[in-house]
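Straight from TrEMBL, the features:
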- B:44-74: coiled coil (COILED)
- B:15-37: region 'Disordered' (REGION)
- B:94-135: repeat 'WD' (REPEAT)
- B:184-225: repeat 'WD' (REPEAT)
- B:226-269: repeat 'WD' (REPEAT)
- B:270-311: repeat 'WD' (REPEAT)
- B:323-355: repeat 'WD' (REPEAT)
- B:356-388: repeat 'WD' (REPEAT)
Amino acid sequence: MQDAAMSNNMAKIADARKAVEQLKLEVNIDRMMVSKAAEELMAFCEAHAKEDPLVTQVPSSENPFREKKLFCVIL
Amino acid sequence: KDDVIAAASAARARRSGRVGLATASRSTSDPHPAEMATHELHPNDTLTTLKMESENLKAKLEEERAKLHDVELHQVAEKIEALGQFVMKTRRTLKGHGNKVLCMDWCKDKRRIVSSSQDGKVIVWDAFTTNKEHAVTMPCTWVMACAYAPSGCAVACGGLDNKCSVYPLSLDKNENLAAKKKSVAMHTNYLSACSFTNSDMQILTSSGDGTCALWDVESGQLLQSFHGHGADVLCLDLAPSETGNTFVSGGCDKKANVWDMRSGQCIQSFETHESDINSVRYYPSGDAFASGSDDATCRLYDLRADREVAIYSKESIIFGASSVDFSLSGRLLFGGYNDYTINVWDVLKGNRVSILFGHENRVSTLRVSPDGTAFCSGSWDHTLRIWA
């Protein structure tokens, strides 16, 4: 019985140590100000807006799903 | 396969209280049983001190994150133009599944789609013509995960069978696909999501057993396992290839974790959702990711600011978001919800741009096509819809 209790404790300690090491890693990473990160997200959107067919509407003829013509399957 | 079973049972052993897995980062060794006997109070003290250290570090983490919180994303976005009028309609309806559609994925050719269902069927469709090209019946029900291989020559799927299997697609329509099936991944609980990496050679999986894993398709060997979630992992997404070897996962522990694929290490962890995270998807630049949760919100997390930077929610939205994806430029976020609707959000400004009706039951899966011209949604109403 004592063995089971001891190894149970050892496992909990091992887990707790792992949690502490993980948190230390997470605390110590390099971070960027939200203002800067936000500017970069926006810049990406702006740079790619023209290529995004759902943001910049393209003529229906260029969107294969909007085209009205029927498709023939060549057998 | 032996490695797999060993890893899986080691994970289970950990949770049941037997000796834990060693991690490379620890410099001290575990107390030796002989030492334990002579310091009876020692183990409990150590546990208490470790727990306190844990709490202190968590507080420190929040402090560090708060230092950089100088502004909100939607404030920075006030200066850009609002989006134009948004019109999207159902352009195709794919009918053929006999039960709830649970998952779908696009082929890189931008027209083929693979979908999987509760009835055990996996179907490959041509979304332009709505024709079914292939169909496979899995030996289990609830096929919760499916993915198209980058080459377009195979599909992977799995669910309640706890496995991920790969089926090469044959040009011969009469060939029995099930005959060539290859079992790749083996978990100790249901498969919730799967994705090929950059090639047909490796698959990343997430499971109800609380882990994610990377597998070699050819040999079925476990290449890396990812431990850290405290409950079922429900979703995963690989970072766009330009940004390196990481992926994000979301789980029933309300956490979204970012992982290094090579080391198995969890790099960043975010816990702001109030319920299960059903879906995670990287922003196209790889610098952020979105999540959808049972708490009825979608959120955006910036990886370099290391924090949540936007919440997409409305008082009128009370049902969980099951699936999210970005438009090509990252400006729009599409969310499929359990109230049968699809909400379209302006990612930068934070407001809802549109609400799409059509499905007659929960939307369970949603993906934008590879060229961004459309998106596909799958539902418990047995159908898939293509919107453009």
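Glycine residues also receive a Cβ, built from the backbone N, Cα and C atoms like all the rest.
Automatic, uncurated: that is what TrEMBL annotation is.
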Any contact, the repeat 'WD' (B:270-311) to the repeat 'WD' (B:323-355), with at least 3 Cβ pairs under 8 A: yes
Interface-richest range of B:184-225, B:323-355, B:356-388 toward the repeat 'WD' (B:94-135), CB pairs under 8 Å: B:356-388
Same-chain residues at least 6 beyond the ends of the repeat 'WD' (B:356-388) whose Cβ lies under 8 Å from its Cβ atoms: 88-95, 97-108, 110, 113, 115, 117, 125, 127, 322-329, 334-344
Counts of helix, strand and coil residues, the repeat 'WD' (B:94-135), according to DSSP: 0 helix, 24 strand, 18 coil
Helix, strand and coil totals (DSSP H, G, I; E, B; other) for the repeat 'WD' (B:323-355): 0 helix, 19 strand, 14 coil
